[in-house]
Amino acid sequence: MAPPFTDDPESQRPSTSRLSQDSLSSVSTTSLVFDRIQEEMDRDPSASRSARRDLLPATKDEGDFDENASETGAFLGPPGVPLQRQPMDRGFRRILIIIGAVFVGAWLAGLGIFVLSGSYKHESDSEHDPDANSRGSGKAVTMDQVFGGFWSARSHSISWIADPDGGDGLLLEVNTANGYLVVEDVRADKESTDTNAGQTADTQPAKPRVLMRDPYFMYHGEIKRPDWNEPSPDLKKVLLAVKREKNWRHSFQATYFILDVETAQVQPLVPDNVNAKVQLANWSPTSDAISFTMDNNIYIRRLNQANDVVQITKDGGPEYFYGIPDWVYEEEVFAGRSATWWSDDGKYLAFLRTNETAVPEYAIEYYIQRPSGKKPAVGEEAYPEIRKIKYPKPGAHNPVVDVQYYDVSKGDVFSISAPDEFPDHDRIISNVLWAGNKVLLKQSNRIGDFLKVILVDPSQREAKIVNSINIAEIDGGWFEISHTMTYIPADPSKGRQQDGYVDTVIHEGYEHIGYFTPIDNPKPIMLTSGSWEVEDAPSAVDLNNNLVYFVATKESSIQRHVYSVKLDGTNLTPLTNTSSEGYYTVSFSSRSGFALLSYKGPKIPYQKVISTPSIPIQFSRTIEDNADLADKAKKHELPILKYGTLQLPNGISVNYLERRPPHFNPKKKYPILFQQYSGPKSQTVTKKFAVDFQSYVASSLGYLVVTIDPRGTGFLGRQHRVVVRSQLGVLEAQDHIAAAKHYSSLPYVDPSRLAIWGWSYGGFQTLKTLEVDAGDTFSYGMAVAPVTDWRFYDSIYTERYMRLPQDNTAGYDASAVRNATALGMNKRFLIMHGSADDNVHFQNSLKLLDYLDLAGIENYDVHVFPDSDHSIAFHGANRMVYDRLNNWLVNAFNGEWLKIADPKPIDTKKRRHVS
């Protein structure tokens with residue numbers, strides 16, 4: 001189950017300030033000193049009492065004179081008494097001089113420390129410090145800021161593109177000063193300060209190539225504006241998509257055109273149907289053909305002959321898909337819209353065939369919009385539009401998939417099966433990778449705990465299983481789907497005697513990188529090892545230098561750094577500064593000589609392009625510093641962040657993030673909002689910078705916001721996550737409750753005001769935690785788009801963690817949210833759902849509401865968003881979700897929901913009537 005948004009849930013980062021003062025000129029040194037005295041008093045109660053005695057004026061009796069009055073002083077007598085001058089004793093004078101000198105010296109020393117420490121600065125002049133223990137004066141974070149993009153860090157994605165001439169460092173830029181589509185060298189002068197050492201005439205930046213001058217083109221007198229583009233590998237043509245229409249999370253259909261770069265002429269991809277709705281189009285590696293899927297059939301457009309279109313399949317339609325995934329494979333397997341793979345030489349095309357004949361349909365009703373674009377028949381305007389999706393649920397028929405091959409020269413389509421591969425009803429194909437003139441396939445059983453790697457030879461039409469991994473026997477868990485398996489061709493001159501591949505493998509309880517060579521060797525050379533994990537590895541492979549680049553948690557489970565390692569497992573080297581905390585992502589150029597390094601936190605995010613150890617030159621250019629975001633962080637009161645590891649009963653350790661209000665006072669009693677996602681292998685507690693809804697709650701509402709990553713979540717080793725198998729939500733609920741009990745015991749927490757919330761899996765976990773807790777610890781909960789019974793979610797995701805319901809009835813029952821009586825023991829909870837959610841069906845919430853009705857439980861609120869899908873965004877609904885969360889939470893912590901638990905009419909006899 002993917003989260004509702006592309007950016008995984010992010011953690012928070014702080015800033016500075018107290019009042020809305022922006023410069024030192026508006027703040028006196030005296031006020032700053034008193035601010036710091038107050039902070040010290042808050043931290044040390046004993047010092048606080050003595051400091052207050054020193055700061056408060058003494059109580060004066062009537063008739064006492066004021067020693068501090070301007071008219072009199074400490075050495076002056078009472079009013080009316082004449083002054084008498086007397087000579088001062090010489091010894092006493094010497095003592096006074098010494099005391100004065102000591103005082104002046106101490107004052108000067110203190111002033112020096114004050115200046116050198118920067119304490120004289122107003123908080124809004126200080127750099128953002130994510131580890132600060134207190135906040136000064138500044139502006140509060142607002143909801144409008146959070147949802148208006150005010151706190152969004154600017155970031156740039158680089159579309160790296162292979163150089164047909166064999167170079168490196170080329171990227172595709174859109175809407176530049178030179179043209180709409182321009183191929184640039186990443187080293188091209190951008191009027192910035194660079195480190196650009198070691199360049200020679202052979203390593204000078206390539207000149208820009210303009211592929212498309214204007215952001216539109218003309219076809220038969222009509223202006224067309226592209227929504228999507230893909231240059232051919234030889235950069236001589238560009239595939240353009242117009243009138244793009246969204247389908248599911250990743251997929252869309254559009255009308256496609258082919259632009260000739262040299263002549264600027266365009267032609268339709270489908271010559272005899274200019275307005276054809278094409279679902280997918282891909283260039284061949286040789287630039288002389290384009291494969292595309294239309295009406296679920298796959299075609300090839302050959303460009304060396306005019307109007308030459310070859311239809312490869314003919315039975316595509318509602319039941320059969322070719323070259324594109326169906327709903328469940330798009331969502332849960334490929335995480336994308338393509339299921340087509342060209343061989344490197346362009347001689348073969350591999351594609352997925354999906355047979356959905358036996359897959360049950362799920363109907364989604366649209367009450368407001370008509371996604372089909374079709375007008376209803378006359379007299380049927382008042383009926384909702386119904387869209388039926390082939391949606392397999394646990395235990396139901398899955399789509400039957402296999403890989404087919406098209407021989408371009410012979411024009412025939414064929415399939416190749418390996419002995420002992422999984423049968424049709426029990427097969428998931430998760431990876432297809434061309435390895436030279438062969439293909440590597442990954443197949444698993446439908447519950448995802450047995451993996452087979454198959455090597456296919458299309459030219460010989462043979463296949464064999466080269467590796468079988470019984471994950472159930474290794475740790476009782478499941479196979480994690482990834483798409484980073486990388487082919488390593490043989491090159492004896494580089495020490496690689498035979499073909500192989502690099503992939504993520506389970507090694508001693510953690511996910512690491514293994515190098516399999518020869519390609520049919522089931523025993524890898526381990527490139528990494530230890531009590532840490534790699535993420536989506538490898539990120540890139542430099543074949544010239546036998547280097548593998550990857551991102552890992554080697555420094556900390558909540559950080560990410562970038563490393564390289566040799567193919568023999570030696571010389572593991574960081575590319576990022578591991579002496580400082582950091583959360584990095586990275587993308588590499590086609591030959592791995594350059595990398596876009598994106599620093600996500602904990603400080604202000606930035607991006608820079610760097611050279612890698614793969615090339616002899618040194619290059620570094622910052623392309624985004626988010627200086628404006630840094631300035632905003634200085635001037636606003638962001639939460640105080642506390643990271644750590646929480647020790648729960650039975651030796652369980654979980655990462656936590658506690659967000660405190662900017663002016664946190666340990667002597668106060670704070671309510672807590674627990675925010676979580678909790679899904680398998682997810683991670684919410686990270687060192688990323690973020691100012692989001694949780695930041696707003698802590699900064700502006702003044703509540704504590706706590707997140708933990710319970711058992712089942714990622715990057716703490718396999719044993720931390722696979723224990724949840726067959727009983728999703730149960731152990732996670734225990735961890736959330738244990739964490740809440742720990743916080744309830746702290747002196748600064750109000751144990752009567754604890755709430756929990758989440759979206760999607762987080763919505764499920766919210767309700768499951770409230771059910772297990774039954775009001776003992778948590779009082780309130782807010783669940784958005786929740787699963788309530790895993791029998792209602794899709795089969796591929798659910799069965800991976802829960803197995804088949806026919807084999808695990810007790811586990812499905814234990815995971816389902818169905819104990820309405822237990823939910824009724826909480827003070828109140830909120831459920832929100834979109835009626836057109838194609839991912840977590842509205843059926844989930846309706847089933848729970850029926851349980852509540854049957855039990856007579858009424859301590860909840862429901863908000864349904866018409867025609868919204870899983871993101872709940874139709875007709876401005878997304879902001880309404882958070883407004884409702886905000887208002888509902890404030891009412892909860894203010895005790896308003898307690899007033900309506902047993903409402904009574906107002907006694908009309910006691911009302912005052914005004915005539």
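Keep in mind that glycine also has a Cβ here, set from the backbone N, Cα and C atoms.
Swiss-Prot lists Ser760, Asp837, His870 with the feature active site, charge relay system, giving similarity to another entry as the kind of evidence. Residues or ranges marked as compositional bias 'Low complexity' in Swiss-Prot: 15-32. If you look up Swiss-Prot, you'll see 36-62 marked as compositional bias 'Basic and acidic residues'. According to Swiss-Prot, the feature N-linked glycosylation site maps to Asn355, Asn577, Asn819. Swiss-Prot lists 1-82 with the feature region 'Disordered'. Residues or ranges marked as topological domain 'Cytoplasmic' by Swiss-Prot: 1-94. According to Swiss-Prot, the feature topological domain 'Vacuolar' maps to 116-915, an assignment based on sequence analysis. If you look up Swiss-Prot, you'll see 95-115 marked as transmembrane segment.
Feature map: Swiss-Prot annotations on the structure.
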residue	record	contacts (Cβ under 8 Å, 6+ apart)
Asn355	N-linked glycosylation site	Glu319, Tyr320, Pro399, Val400, Val401
Asn577	N-linked glycosylation site	none
Asn819	N-linked glycosylation site	Glu771, Ala774
Asp837	active site, charge relay system	Ala785, Ser868, Asp869, His870
Let me know how many other Cβ atoms fall within 10 Å of the Cβ of His870 (active site, charge relay system).
-> 23
